[in-house]
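Here is the structure we will look at.
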């Protein structure tokens, strides 16, 4: 039952026909286009209007598919009766020669007069959204698999390789003290030094891959371990400020924060030309905010340093996986501020 209005059903339908983005074309039993709304003229030109046969539609059609398979012109929807009163997907070429996907319906609306209606709804935006969601899903799986593999290799290096090398070191020391030979002692001493350096390198590699403290103790412990190692390796001081002492977050959030800050710190090392980097992590219970600040060279976002583009892009991609946002503020000769904001 229609609510009483000043407009009749006929007027309401007329208004819809004239204002909708849906493309509506009426065709008679001879295949002539007898009417179309303004929206349809994005596909069918004025020259096609009213006097043209259905081949006007055919010339714009780039193929269609039903629920089972991709169809060809041989099984044209304008000829088959199987698609009456059903939805299907069709690809049409616009006046600008762009090929766009549409959800279409072709149905007989007046059997006595042989009039059929052909309607098109542009589904390109929905398909784009679906593709983006699919890409994010695949990215999420890829990053998750990468982190799991990093964790596995890191644990293997720490629990197996380093332990075996420590056992070799012990055996080497025993050999040195067991045989009082000057040449052997000097050689053993030199090998011990090389072995010790190799153990340190593998420990650093294990932490770089994925620190066990990130999974066991959380962000703050992982950062303290990483910053200490970073200062020892590169001689750059990191000033760290935080109010999240002992707080734990979702494992995926902690991983994103760690990786984004790690990338920000490493970019500052490579490009900022500074002796100190400031890092902060703060939470108010609703948001988790991490910041990496350097007072160095800065750069133009339009012409970022060579090699940094993928890193900056990767930060944003990772942040999006946890509904976060990365903002980069930079000024030439004034430095760069990278801010990660994640709802929790």
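Yeah, the Cβs are placed from backbone N, Cα and C, and that goes for glycine too.
Here is what Swiss-Prot records for this protein:
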BINDING   58, 61, 73, 76  [4Fe-4S] cluster binding site
DOMAIN    147-344  domain 'Histidine kinase'
MOD_RES   158  phosphohistidine
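When Cβ neighbours within 10 Å are tallied across all protein chains shown, the highest count among the binding-site residues 58, 61 belongs to 61. A separation of roughly 62 Å, to the nearest angstrom, links the Cα atoms of residue 61 ([4Fe-4S] cluster binding site) and the residue listed as 'phosphohistidine'.
Shown in sequence order, 203, 206, 212 are the residues of the chain, 6+ apart in sequence, with a C-beta less than 8 angstroms from the C-beta of residue 158 (phosphohistidine). Mean pLDDT for the domain 'Histidine kinase' (147-344) in this predicted model: 88. When secondary structure is read from DSSP and collapsed to three states, residue 158 (phosphohistidine) falls in the helix class. Following the DSSP three-state reduction, the secondary structure of residue 61 ([4Fe-4S] cluster binding site) is strand.
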